[in-house]
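Since the structure comes first, as structure tokens, the remarks are kept for the end.
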Amino acid sequence: MKDFVIPSDDRDLGTPAREGAPVTLQIDGFEVTVPEGTSVMRAAALAGLSIPKLCATDSVEAFGSCRLCVVEIEGRRGTPASCTTPVAPGMVVHTRNEKLRKLRRGVMELYISDHPLDCLTCAANGDCELQDMAGVVGLRDVRYQAPEGAGLANHFAPRNTSGEANPEWLPKDDSNPYFTYDPAKCIVCSRCVRACEEVQGTFALTIEGRGFDSRVSFGAKSDTALASDCVSCGACVQACPTATLQEKSVIELGTPTRSVITTCAYCGVGCSFKAELNGDELVRMVPYKHGKANRGHSCVKGRFAYGYANHKDRILNPMIRDSIDQPWREVSWEEALSFAAAKMRGIQAEYGRKSVGVITSSRCTNEETYLVQKLTRAVFGNNNTDTCARVCHSPTGYGLGQTFGTSAGTQDFDSVEQADVIMVIGANPHAGHPVFASRMKKRLRAGAKLIVVDPRRTETVQGPHYKAAHHLALRPGTNVAVVTAMAHVIVTEGLMNEDFIRTRCDWDEFQHYAEFVSDPRHSPEASELLTGVPAAELRAAARLFATGGNGAIYYGLGVTEHSQGSTTVMGIANLAMLTGNVGRRGVGVNPLRGQNNVQGSCDMGSFPHELPGYRHVKLPEVRAIFEQAWGVEIDPEPGLRIPNMLDAAVAGQFKGLYCQGEDILQSDPDTKHVAAGLAAMECVIVHDLFLNETANYAHVFLPGSTFLEKDGTFTNAERRINRVRQVMAPRNGYADWEVTQLLANAMGANWRYTHPSQIMDEIALTTPSFAGVDYATLEEKGSVQWPCNDANPEGTPLMHVDGFVRGKGRFIVTEYVATDEKTGPRFPLLLTTGRILSQYNVGAQTRRTDNVVWHDEDLLEIHPHDAEQRGINQGDWVKLASRSGETTLRATLTDRVSPGVVYTTFHHPVTQANVITTDYSDWATNCPEYKVTAVQISPSNGPSEWQEEYQAQAALSRRILPAAE
Amino acid sequence: MQPDKLVYMANQIATFFKSQPGDDGAERIAAHLRDFWDPSMRAHLCELAKQDDQVLDENVRKAVALLN
Ligand code: SF4
Ligand code: SF4
Ligand code: SF4
Ligand code: FES
């Protein structure tokens, strides 16, 4: 198995690719055929005749400022810049001759005259395009000198020889934790500025001044990188040809010498990265330009926030204890595993086969998840398996399964480039799915329209050079009413795509549905009182979506995490079918999946009622496949879901849990109930990187491995199966799949996997949608989107092209039912929750990196009006109370939230926002209603009693005895 | 499992199917329970349905009868 992959063609071709009719020209005597619109520079590079360049790079549009790339074109006057000159049929180009050589040397000489010559000690030594170009053009000497008595006339020397300060010199800015800006080395090529604009869409950088005074600046409103609008995506650092913008890790560790292609382990965008290393020391992560999800871009988390892998809190030795009031005891792997196995078997003997279960991880690989669910189905002998998708996208599974027949997004991310109207519902891609957001914003800047449905005015609503056409700021909990009202407008105004409906959907069901939505009680005017969305605005949004061209819907947890989560998903599917927006590029229904492998963990049979590939355990023909592969009998009845496991634990029926890479105590709602459930169990096995909150209630701790330390695959929100490749040996000794295998074998299974590729082969063998997936295919194609099998050997970028997976699309009636979580005199405000860009989920990883400089505590957003009524000022400590519990945190006053609504994130365990959330859940899937909780807020002067008790318990529970000799 | 929670969840399911066209609400609730509820939860619900003091939706009661 070839695991270290050196990227094949990773060259910088100078300018971006174009699509168009083929054009043939001649460059240095060679015939070259490229798409119309391609630059001469790119055409030459494609033919292997690269032209010297400085200000061009293929991630951004050409700018034509350095003039190093000049060429001669027969029949044209002068020497045009090849980066800004498009090819033409029959063109004859010369890239090398004496005249060009002279010109280029002249350009280089000028550049170098204003550049320090300390290459040997520069962080970019060996990785600097200025250095390379000086070599390529044959620069041998720099003749320019500052004129006598006229000052230094350079930007790099802090003082002249008599010690006077050079006014042109600016000090290094190292305020950003991950990269530095050293103006002394800048050649003002503006690649960084263009990357920030075109690739990232933040517009944090500008070139200030003119001519010799031109400087890169982090905006006018501040002096430093950290204080600016910069979101630390690193696109500028990657684009910079010199050491001006440089990763601090490279400054510290030196330039990398080898690289491995792998996949980000944070969010569901699933960006591909080149992990660049020296030996097994990771120097930097560079987004991989051939990564099909990210196309060479990344966010601050994936690129920079990997330091947790070496954080001192990481636990590297297995630990056990008999009861949770004891300190941990470090033991050998053998002892920990036999202890765990004996406990689990003992529990099953005493309380029955079904008294134990597993939670699979959406952060682990497909192969690992597959093994964990196999552990419960084949070794424990029950179907008690669930995953954190329960608490995020389980309604997507149910809702899309019912309407379309598959529970996954319909498009690839590239599709957004063809969307005309983009509707984002209950999601804030700016923070949650940043690289998708960048790609979407690019499309919006090019003129596509945006509709945002969100109670809060998120960063997605408005950004540089775009603004949502409509922001429907609904009351939390009224998604179904809004979506149904949109359908009402589309149907009653006759804006639906009847052709599509007749040919692709069940016509009878549509009739029912049309009758249902046409009822005046679903009109925007009737629902306005309920939803708080002005009827005229909603009507306008519905008309735009139905008539504005390709309509694409992207949605997130603001849709699913409600009592009616599944119903809203069906409503969204209805909207897409009504308007014919399924089955081609630029349209579709796209759940934005939260965690890196939450799609994969669902695909791999993590749910208690489904075997891998979304096939119900009740189906004998499906069970037969696995019974044959595994040599065991499979329980035909669905098992317990996470909330059910906890309920059963409190009731004394559920006693043992193996929880891999998931912190249910922090991430699941109603913390007190989760704690009570965990406390009632006799054996909780936590398999994680850190002593997380759940581990406070654990008896066995099995150290986990990071994504850098193992092989496997992740499946992103576009169903794309990406390879995760080991770049260093597991610090804890074993990859997670090996640990699960050891546990299974300690319990008597006889598993003999020696590489994750064998697990994938088993998945392919048993699961039709993965039948064509194996590591050799992934090696060859880079990635594939499932279904990948004989019918779709190349994978499936777009689903439901000629028909829905289930045959005819089903319209389902979506009646709004108010949640029982209602405001009243005691709890008059509605709390909703979300996340921010720099932190990820429960923060276990990102809190252990420098990302904390952007967010070191969770804050409560409250409208100034509500704050004033309660005597709360900016930055005050406030008590946040619901019927479940109370906590304290600091308040920030903002009109991003409407009066009556408050908002917080849940990245920090001290805050424990989930002490507040209740146990209400989606009717179909038990996905908890995180997004609506009735609360009250009052001034406070410190942590609540619960927070103090909790901290004390956590501290007690985290004690570790020194290992016995 | 806490009876009030089970009852609440079952009633939520009934509310959805009540909104759907057709008069097979009870059958569809029963199918949903069979597909997604572990047998011990279903058994518990059946127990609860025998007690008069539980505020179970009428269709849930019918569905429970179908479960056995
Ligand atoms: S790191 Fe990203 S956001 Fe910040 S200046 Fe560079 S490109 Fe712009
Ligand atoms: S910082 Fe780098 S990319 Fe930006 S203008 Fe200067 S040299 Fe060019
Ligand atoms: S966190 Fe998401 S957007 Fe950021 S690099 Fe990772 S996969 Fe890409
Ligand atoms: S690379 Fe073409 S002008 Fe700079």
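One is the number of the first residue shown, and numbering goes on along the chain from there.
Just so you know, glycine gets a Cβ as well, placed from its N, Cα and C.
Automatic, uncurated: that is what TrEMBL annotation is.
Model, not experiment: these values are computed from the prediction.
The annotation domain '2Fe-2S ferredoxin-type' is assigned in TrEMBL to A:21-99. Residues annotated as domain '4Fe-4S His(Cys)3-ligated-type' in TrEMBL: A:99-138. Annotation source TrEMBL lists domain '4Fe-4S ferredoxin-type' at A:177-208, A:221-250. Per TrEMBL, the feature domain '4Fe-4S Mo/W bis-MGD-type' maps to A:257-313.
Among residues of the same chain six or more beyond the domain '4Fe-4S His(Cys)3-ligated-type' (A:99-138), those with a C-beta under 8 A of the stretch's C-beta atoms are 52-54, 66-68, 70-72, 79, 144, 154-157, 184-185, 187, 241-243, 246, 250-251, 255. Model confidence over the domain '2Fe-2S ferredoxin-type' (A:21-99) stands at 94, taken as the mean pLDDT rounded to a whole number.
Residues in the domain '4Fe-4S ferredoxin-type' (A:177-208) partition by DSSP class (helix H, G, I; strand E, B; coil) as 13 helix, 6 strand, 13 coil. Within the domain '2Fe-2S ferredoxin-type' (A:21-99), the DSSP-based counts of helix, strand and coil residues read 9 helix, 21 strand, 49 coil. Taking DSSP states H, G and I as helix and E and B as strand, the domain '4Fe-4S ferredoxin-type' (A:221-250) has 8 helix, 3 strand, 19 coil.
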